[in-house]
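Colleague: According to TrEMBL, the protein has these features:
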type	residues	note
ACT_SITE	D14	active site, nucleophile
ACT_SITE	D16	active site, proton donor
BINDING	D14, D16, D233	Mg(2+) binding site
Amino acid sequence: MDEEKEKKVVFVWDMDETLILLKSLITGTYTKAFNGSKDVEKGIEIGKTWENQILRICDDYFFYEQIEGCNKPFVDSTREYDDGLDLTDYDFANDAFVGAAFDDDANKKKLAYRHRIIAHKYKKGLRSLFGEKMIKSWDNLYEVTDDFTDKWLSSAKACVAQCAGDSGAENINVIVTSGSLIPSLVKCLLFRLDDLISYDNVYSSWEVGKYQCFSLIKERFDGPNVQFCAIGDGWEECEAAENMQWPFVQIDPVPVSTSHRFPGLNLETLGHYIGVVYGGDSDDEDE
(Lines of atoms letter the chains of each structure in order from A; the text may use other names.)
(Lines give C-alpha, C1' and ligand atoms only; values in the text may rest on other atoms or scores of the structure.)
Protein backbone atom coordinates (compact mmCIF):
# COMPACT_ATOMS: atom_id res chain seq x y z
CA MET A 1 0.00 0.00 0.00
CA ASP A 2 2.81 2.42 0.87
CA GLU A 3 4.53 1.47 -2.35
CA GLU A 4 1.36 2.34 -4.28
CA LYS A 5 1.18 5.74 -2.61
CA GLU A 6 4.76 6.50 -3.63
CA LYS A 7 3.97 6.14 -7.33
CA LYS A 8 4.71 9.30 -9.28
CA VAL A 9 3.15 10.10 -12.64
CA VAL A 10 4.83 12.35 -15.18
CA PHE A 11 2.11 13.86 -17.36
CA VAL A 12 3.56 14.87 -20.73
CA TRP A 13 1.28 17.45 -22.35
CA ASP A 14 1.19 18.81 -25.86
CA MET A 15 0.47 22.54 -25.83
CA ASP A 16 -1.28 23.83 -28.97
CA GLU A 17 -4.74 22.39 -29.57
CA THR A 18 -4.41 20.51 -26.27
CA LEU A 19 -3.84 22.81 -23.29
CA ILE A 20 -4.57 25.91 -25.35
CA LEU A 21 -6.42 26.67 -28.57
CA LEU A 22 -4.59 29.04 -30.90
CA LYS A 23 -3.75 27.73 -34.36
CA SER A 24 -7.26 26.36 -34.88
CA LEU A 25 -8.69 29.77 -33.93
CA ILE A 26 -6.38 31.57 -36.38
CA THR A 27 -7.18 29.20 -39.25
CA GLY A 28 -10.88 29.04 -38.39
CA THR A 29 -10.93 25.23 -38.19
CA TYR A 30 -12.11 25.28 -34.57
CA THR A 31 -15.10 27.55 -35.15
CA LYS A 32 -16.07 26.06 -38.53
CA ALA A 33 -16.48 22.68 -36.83
CA PHE A 34 -19.46 24.13 -34.92
CA ASN A 35 -21.44 24.53 -38.17
CA GLY A 36 -22.43 28.16 -37.78
CA SER A 37 -23.07 28.32 -34.04
CA LYS A 38 -19.77 30.17 -33.45
CA ASP A 39 -18.56 33.34 -35.18
CA VAL A 40 -15.59 32.32 -37.37
CA GLU A 41 -14.32 35.89 -37.81
CA LYS A 42 -14.41 36.52 -34.07
CA GLY A 43 -12.40 33.34 -33.49
CA ILE A 44 -9.80 34.42 -36.06
CA GLU A 45 -9.59 37.88 -34.48
CA ILE A 46 -9.07 36.35 -31.01
CA GLY A 47 -6.36 34.02 -32.32
CA LYS A 48 -4.49 36.75 -34.18
CA THR A 49 -4.62 39.03 -31.14
CA TRP A 50 -2.93 36.31 -29.08
CA GLU A 51 -0.38 35.68 -31.83
CA ASN A 52 0.58 39.37 -31.99
CA GLN A 53 0.92 39.61 -28.21
CA ILE A 54 3.05 36.45 -28.02
CA LEU A 55 5.47 37.62 -30.72
CA ARG A 56 5.76 41.12 -29.27
CA ILE A 57 6.65 39.80 -25.80
CA CYS A 58 9.08 37.27 -27.31
CA ASP A 59 10.95 39.97 -29.24
CA ASP A 60 10.84 42.75 -26.65
CA TYR A 61 11.49 40.78 -23.44
CA PHE A 62 12.79 37.29 -24.30
CA PHE A 63 15.52 37.94 -26.91
CA TYR A 64 13.53 36.11 -29.60
CA GLU A 65 14.72 38.34 -32.45
CA GLN A 66 18.30 37.50 -31.51
CA ILE A 67 17.93 33.79 -30.77
CA GLU A 68 15.11 32.64 -33.07
CA GLY A 69 17.58 30.57 -35.10
CA CYS A 70 19.06 28.96 -31.98
CA ASN A 71 16.10 26.87 -30.85
CA LYS A 72 17.01 24.39 -28.12
CA PRO A 73 14.87 21.54 -26.74
CA PHE A 74 14.84 23.09 -23.23
CA VAL A 75 16.20 26.18 -21.48
CA ASP A 76 18.81 24.44 -19.33
CA SER A 77 20.38 22.69 -22.35
CA THR A 78 22.88 25.59 -22.49
CA ARG A 79 23.70 25.62 -18.77
CA GLU A 80 27.12 23.95 -19.18
CA TYR A 81 28.30 27.02 -21.12
CA ASP A 82 27.15 29.51 -18.47
CA ASP A 83 30.12 30.59 -16.34
CA GLY A 84 27.89 32.31 -13.77
CA LEU A 85 28.89 35.86 -14.71
CA ASP A 86 26.90 38.58 -12.91
CA LEU A 87 24.56 39.87 -15.65
CA THR A 88 23.22 42.89 -13.75
CA ASP A 89 25.01 45.40 -16.02
CA TYR A 90 25.57 43.09 -18.99
CA ASP A 91 24.99 44.75 -22.38
CA PHE A 92 23.03 42.18 -24.38
CA ALA A 93 22.61 44.60 -27.28
CA ASN A 94 26.36 44.93 -27.86
CA ASP A 95 27.99 41.64 -26.87
CA ALA A 96 28.63 40.54 -30.50
CA PHE A 97 26.22 37.61 -30.22
CA VAL A 98 25.70 36.25 -33.74
CA GLY A 99 22.86 33.81 -33.15
CA ALA A 100 23.01 30.64 -35.21
CA ALA A 101 25.77 31.96 -37.51
CA PHE A 102 28.54 30.49 -35.33
CA ASP A 103 28.35 27.54 -32.98
CA ASP A 104 31.57 28.19 -31.07
CA ASP A 105 31.87 28.14 -27.28
CA ALA A 106 31.91 31.95 -27.00
CA ASN A 107 28.60 32.18 -28.82
CA LYS A 108 27.14 29.30 -26.79
CA LYS A 109 28.09 31.16 -23.61
CA LYS A 110 26.23 34.27 -24.81
CA LEU A 111 23.19 32.14 -25.63
CA ALA A 112 23.41 30.57 -22.16
CA TYR A 113 23.36 34.06 -20.61
CA ARG A 114 20.16 34.83 -22.50
CA HIS A 115 18.62 31.54 -21.42
CA ARG A 116 19.47 32.35 -17.80
CA ILE A 117 17.66 35.69 -18.05
CA ILE A 118 14.70 34.02 -19.78
CA ALA A 119 14.44 31.45 -16.97
CA HIS A 120 14.61 34.24 -14.37
CA LYS A 121 11.85 36.25 -16.08
CA TYR A 122 9.66 33.16 -16.37
CA LYS A 123 10.05 32.41 -12.67
CA LYS A 124 9.22 36.02 -11.74
CA GLY A 125 6.11 36.06 -13.96
CA LEU A 126 4.47 38.65 -16.18
CA ARG A 127 3.61 40.98 -13.29
CA SER A 128 7.31 41.65 -12.77
CA LEU A 129 7.59 42.89 -16.37
CA PHE A 130 4.33 44.69 -17.05
CA GLY A 131 2.03 47.18 -15.38
CA GLU A 132 -1.49 46.55 -14.17
CA LYS A 133 -3.09 47.99 -17.32
CA MET A 134 -1.35 45.49 -19.61
CA ILE A 135 -2.03 42.58 -17.24
CA LYS A 136 -5.70 43.53 -17.17
CA SER A 137 -5.89 43.58 -20.98
CA TRP A 138 -4.46 40.04 -21.09
CA ASP A 139 -6.83 38.91 -18.36
CA ASN A 140 -9.72 40.25 -20.44
CA LEU A 141 -8.43 38.49 -23.57
CA TYR A 142 -8.11 35.24 -21.60
CA GLU A 143 -11.70 35.50 -20.33
CA VAL A 144 -13.04 36.32 -23.82
CA THR A 145 -11.14 33.33 -25.26
CA ASP A 146 -12.26 31.03 -22.46
CA ASP A 147 -15.91 32.00 -22.98
CA PHE A 148 -15.63 31.64 -26.76
CA THR A 149 -14.13 28.14 -26.42
CA ASP A 150 -16.69 26.94 -23.83
CA LYS A 151 -14.13 27.14 -20.97
CA TRP A 152 -11.44 25.13 -22.77
CA LEU A 153 -8.57 27.12 -21.25
CA SER A 154 -9.74 27.15 -17.63
CA SER A 155 -10.81 23.49 -17.66
CA ALA A 156 -7.50 22.40 -19.22
CA LYS A 157 -5.64 24.33 -16.52
CA ALA A 158 -7.87 22.78 -13.84
CA CYS A 159 -7.01 19.31 -15.18
CA VAL A 160 -3.27 20.08 -15.04
CA ALA A 161 -3.72 21.35 -11.47
CA GLN A 162 -5.63 18.18 -10.58
CA CYS A 163 -2.79 16.07 -11.98
CA ALA A 164 -0.19 18.03 -10.01
CA GLY A 165 -2.14 17.79 -6.78
CA ASP A 166 -3.10 14.10 -6.81
CA SER A 167 -2.91 12.78 -3.26
CA GLY A 168 -0.10 10.48 -2.23
CA ALA A 169 2.43 11.48 -4.88
CA GLU A 170 4.30 14.47 -6.23
CA ASN A 171 3.18 14.17 -9.83
CA ILE A 172 4.91 16.24 -12.50
CA ASN A 173 3.48 18.14 -15.46
CA VAL A 174 5.71 18.60 -18.49
CA ILE A 175 4.96 20.29 -21.80
CA VAL A 176 6.41 19.03 -25.08
CA THR A 177 5.47 21.42 -27.86
CA SER A 178 6.25 21.27 -31.56
CA GLY A 179 6.64 25.06 -31.53
CA SER A 180 9.81 27.02 -30.82
CA LEU A 181 10.95 27.11 -27.20
CA ILE A 182 10.74 30.85 -26.46
CA PRO A 183 7.20 31.42 -27.82
CA SER A 184 6.12 28.30 -25.93
CA LEU A 185 7.42 29.72 -22.65
CA VAL A 186 5.61 33.00 -23.35
CA LYS A 187 2.41 31.06 -24.09
CA CYS A 188 2.71 29.37 -20.69
CA LEU A 189 2.93 32.79 -19.06
CA LEU A 190 0.04 34.33 -20.99
CA PHE A 191 -2.23 31.29 -20.68
CA ARG A 192 -1.66 31.04 -16.91
CA LEU A 193 0.21 27.74 -16.90
CA ASP A 194 3.46 29.02 -15.37
CA ASP A 195 2.31 28.40 -11.79
CA LEU A 196 1.82 24.71 -12.65
CA ILE A 197 4.65 24.08 -15.10
CA SER A 198 8.15 25.36 -14.34
CA TYR A 199 10.39 26.71 -17.11
CA ASP A 200 12.62 23.62 -16.98
CA ASN A 201 9.60 21.39 -17.67
CA VAL A 202 8.88 23.01 -21.05
CA TYR A 203 10.41 21.17 -24.01
CA SER A 204 10.45 22.08 -27.71
CA SER A 205 10.52 19.28 -30.28
CA TRP A 206 11.00 21.80 -33.14
CA GLU A 207 14.53 20.58 -33.95
CA VAL A 208 14.76 17.14 -32.35
CA GLY A 209 11.26 15.64 -32.65
CA LYS A 210 8.79 14.40 -30.05
CA TYR A 211 10.44 11.00 -29.55
CA GLN A 212 13.78 12.58 -28.61
CA CYS A 213 12.04 14.92 -26.14
CA PHE A 214 10.13 11.99 -24.63
CA SER A 215 13.44 10.12 -24.28
CA LEU A 216 15.03 13.10 -22.50
CA ILE A 217 12.06 13.26 -20.11
CA LYS A 218 12.23 9.52 -19.40
CA GLU A 219 15.96 9.75 -18.74
CA ARG A 220 15.42 12.69 -16.39
CA PHE A 221 12.50 11.39 -14.35
CA ASP A 222 12.56 7.60 -14.66
CA GLY A 223 12.61 5.45 -11.53
CA PRO A 224 11.08 2.28 -10.06
CA ASN A 225 7.84 4.03 -9.06
CA VAL A 226 7.51 6.45 -11.97
CA GLN A 227 4.82 6.19 -14.63
CA PHE A 228 4.38 8.32 -17.73
CA CYS A 229 1.29 9.47 -19.61
CA ALA A 230 1.27 11.53 -22.82
CA ILE A 231 -1.67 13.73 -23.82
CA GLY A 232 -2.00 15.50 -27.16
CA ASP A 233 -3.80 15.98 -30.46
CA GLY A 234 -1.13 15.00 -33.01
CA TRP A 235 0.16 11.85 -34.67
CA GLU A 236 3.79 12.57 -33.70
CA GLU A 237 3.21 12.49 -29.94
CA CYS A 238 0.95 9.46 -30.39
CA GLU A 239 3.69 7.60 -32.26
CA ALA A 240 6.36 8.70 -29.77
CA ALA A 241 4.23 7.53 -26.83
CA GLU A 242 3.68 4.15 -28.50
CA ASN A 243 7.43 3.78 -29.04
CA MET A 244 8.04 4.63 -25.38
CA GLN A 245 5.23 2.22 -24.36
CA TRP A 246 3.43 5.03 -22.55
CA PRO A 247 -0.33 5.48 -22.44
CA PHE A 248 -1.51 8.13 -24.90
CA VAL A 249 -4.68 10.18 -24.51
CA GLN A 250 -5.94 11.68 -27.77
CA ILE A 251 -7.35 15.23 -27.71
CA ASP A 252 -9.56 16.67 -30.45
CA PRO A 253 -10.96 20.22 -30.24
CA VAL A 254 -13.88 19.56 -32.61
CA PRO A 255 -17.26 19.22 -30.85
CA VAL A 256 -18.23 15.82 -32.29
CA SER A 257 -15.37 13.41 -31.75
CA THR A 258 -14.56 10.05 -30.23
CA SER A 259 -11.42 11.62 -28.71
CA HIS A 260 -11.24 13.61 -25.49
CA ARG A 261 -11.59 17.37 -25.13
CA PHE A 262 -11.94 20.15 -22.58
CA PRO A 263 -14.10 20.54 -20.59
CA GLY A 264 -14.38 16.82 -19.93
CA LEU A 265 -10.97 15.23 -19.56
CA ASN A 266 -9.97 14.80 -15.91
CA LEU A 267 -7.55 12.91 -13.68
CA GLU A 268 -9.89 9.96 -13.26
CA THR A 269 -10.02 9.38 -17.03
CA LEU A 270 -6.25 9.75 -17.32
CA GLY A 271 -5.91 7.24 -14.49
CA HIS A 272 -7.82 4.63 -16.48
CA TYR A 273 -5.40 4.98 -19.42
CA ILE A 274 -2.43 4.71 -17.06
CA GLY A 275 -3.95 1.64 -15.41
CA VAL A 276 -4.39 -0.14 -18.75
CA VAL A 277 -0.69 0.21 -19.59
CA TYR A 278 0.89 -0.11 -16.14
CA GLY A 279 -1.64 -2.43 -14.54
CA GLY A 280 -4.03 -1.74 -11.67
CA ASP A 281 -5.69 1.64 -11.26
CA SER A 282 -3.56 4.72 -10.69
CA ASP A 283 -6.42 6.36 -8.80
CA ASP A 284 -6.52 5.83 -5.06
CA GLU A 285 -9.78 3.94 -4.63
CA ASP A 286 -9.56 4.06 -0.84
CA GLU A 287 -9.76 7.87 -0.82
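Glycine is treated like the rest: Cβ placed from N, Cα and C.
These figures come from a predicted structure and were not determined experimentally.
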Colleague: Cα distance, D233 (Mg(2+) binding site) to the residue listed as 'active site, proton donor', nearest Å?
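Modeller: Per the Cα atoms, the residue listed as 'active site, proton donor' and D233 (Mg(2+) binding site) stand 8 Å apart.
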Colleague: Among the recorded positions listed here, D14, D16, D233, which has the most company in the form of other Cβ atoms within 10 Å of its Cβ?
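Modeller: Sorting the candidates by Cβ neighbours within 10 Å, the top entry is D14.
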Colleague: Take the C-alpha atoms of D233 (Mg(2+) binding site) and D14 (active site, nucleophile) and report the distance between them in angstrom, rounded.
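Modeller: Here the two Cα atoms lie 7 Å apart.
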Colleague: To test your reading of the Mg(2+) site: which residues beyond D14, D16, D233, same chain only, put their Cβ within 8 Å of the Cβ centroid of those residues?
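Modeller: Along the chain, the qualifying residues are M15, E17, T18, L19, T177, S178, G232, G234, E237, I251.
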